[in-house]
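Visitor: Following this message is one structure expressed as structure tokens.
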Amino acid sequence: FPYQGSSIILESGNVNDYEVVYPRKVTALPKGAVQQKYEDTMQYEFKVNGEPVVLHLEKNKGLFSKDYSETHYSPDGRRITTHPLVEDHCYYRGRIRNDADSTASISACNGLKGHFKLRGETYLIEPMKISNSEAHAVYKYENVEKEDEAHKMCGVTQNWESYEPIKKASQLIVTPEHQRYMEIVIVVDHSMYTKYNGDSDKIKTWIYEMSNTIRESYRYLYIDTSVAAIEIWSEKDLINVETSAKNTLESFGEWRARDLIHRISHDNAQLLTATDLDGPTIGLAYVASMCDPKRSVGVVQDHSSVNHLVAITLAHEIAHNLGVRHDEGSCSCGSGYTCIMSPVINPDAMKYFSDCSYIQCWDYIMKENPPCILNKPLRTDTVSTPVSGNELLEAGKDYDRDSSANPCYDAATCKLNQGAQCTAGPCCDQGRFKEEGTICRRARGDDLDDYCNGISGDCPRNPYHA
């Protein structure tokens, strides 16, 4: 990077070796489009290592559940719950133009903040603290000065040998038709509230950014995650939060079963704490417990100033609730990457679930079929007469597309025409699924091709990906 050896103080900490970039917005609203504060799609141009980069961003719709709420407590102990409008939010997912393997998870609220993958390398980006300037810093996590070099670990130590052997990847076919939907409540304890000096807006922004990353990570597992609520214990803890992760997890699960689950519709709850948990532990969750009133929970320590790392820890603990184990040596999520389910939190780019996690998650779902994640959260409680062309997928509809552009379904009913199997996708050809074994995504480098499975229009990820 141009500023090697120099140091700068950013929100994520002191950063050595960074590059100053000036992202330039290059998109314009389509003619006649309604102006939103944050557009549905945006593009930015800047340079990384002298190479021009075009970052394409799409608003992460569905990030918040339909009944999303925020709760805090008054000094006299009263619970105060609001339902803010969050449709026009500023959290995006994206990719780099001309880099098929690229990804991005970006907050565009005040400049660009988040991370993106470019040419196999993961970079962080955030605005520099310079008034009246568009300057941003781009850097790698390895260049953030570490306060604590000790290994940080998940506290789950279950004996995995008690599990039955799982299916081979070739026997497990998961398609978008199997999609599951998980609504999550994030509970912030009083130590977190104190750590952020009682700034609830800052805490919520921190959680929004993490939720954006979590949602992107779970896309690979065909699980759609959304935030059902954020609850901040602003006056005092409602359970005994201890340095023992095990005791805190048990208390939190019991509180959820007797309190939270009766007032907020959700599938899973995670406690975020600034309490320094015993030893190297920074997270703990029950295993294979999704939908259980007491056990569909986890506890995570807010252990890093880098949002991405805390987000991945949350994603890790939630995955335990979904029956996913720690990765072993044979598990892979791409060459050179440390996968999300590593038992040790690695400062490398941890953003992807491994092939093992994919199989274990769906092996658990297929066997146990946890019921709470079957229902797709609707954006309203109203079930209206099915009509095409709106954004809401209403009861009885197969698709929500512009009928004039798609001959595969009936515009009057929004149901597939007789004989049509699909409307679009790499494995859909004139309304019919392509044959099983047809290549739908070519391999990059030493990776493997992805193939159509004959039962979906989408291109499923090859479970044997390197």
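From the backbone N, Cα and C atoms, a Cβ is placed for every residue, glycine too.
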Visitor: Looking at the disulfide bonds in Swiss-Prot, identify which of CYS361, CYS372, CYS408 pairs up with CYS291.
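Guide: Disulfide mapping in Swiss-Prot sends CYS291 to CYS372.
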Visitor: Would you identify which residue of ASP99, ASP267, ASP276, ASP278 Swiss-Prot lists as part of the Ca(2+) site it also attributes to GLU183, CYS372, ASN375?
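Guide: Swiss-Prot lists GLU183, CYS372, ASN375 binding Ca(2+), and from ASP99, ASP267, ASP276, ASP278 it also lists ASP267.
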Visitor: Can you check what DSSP calls HIS316 (Zn(2+) binding site), collapsed to helix, strand or coil?
Guide: helix
Visitor: For CYS339 (disulfide bond), list the number of other Cβ atoms lying within 10 Å of its Cβ atom.
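Guide: Taking every protein chain into account, the count is 23.
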Visitor: Counting Cβ atoms within 10 Å of each candidate's own Cβ, which of the disulfide-bonded residues CYS291, CYS333, CYS372, CYS422, CYS428 comes out highest?
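Guide: Per the Cβ count within 10 Å, the most buried is CYS333.
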Visitor: Please identify, among the recorded positions CYS291, HIS326, CYS356, CYS428, CYS452, the one with the smallest Cα-Cα distance to CYS333 (disulfide bond).
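Guide: Closest by Cα: CYS356.
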Visitor: Based on Cα coordinates, which of the following recorded positions are within 10 Å of CYS356 (disulfide bond): HIS316, GLU317, HIS320, HIS326?
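Guide: Near CYS356 (disulfide bond), where near means Cα within 10 Å, the recorded positions are HIS326.
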Visitor: Name the one residue among HIS316, GLU317, HIS326, CYS339, CYS452 whose Cα is closest in three-dimensional space to that of CYS291 (disulfide bond); these are the recorded positions.
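Guide: The smallest Cα gap between CYS291 (disulfide bond) and any of the recorded positions is with GLU317.
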Visitor: Give the residue from the disulfide-bonded residues CYS427, CYS440, CYS452, CYS459 that has the most other Cβ atoms within 10 Å of its Cβ, counting over every protein chain displayed.
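Guide: The residue with the densest Cβ neighbourhood is CYS427.
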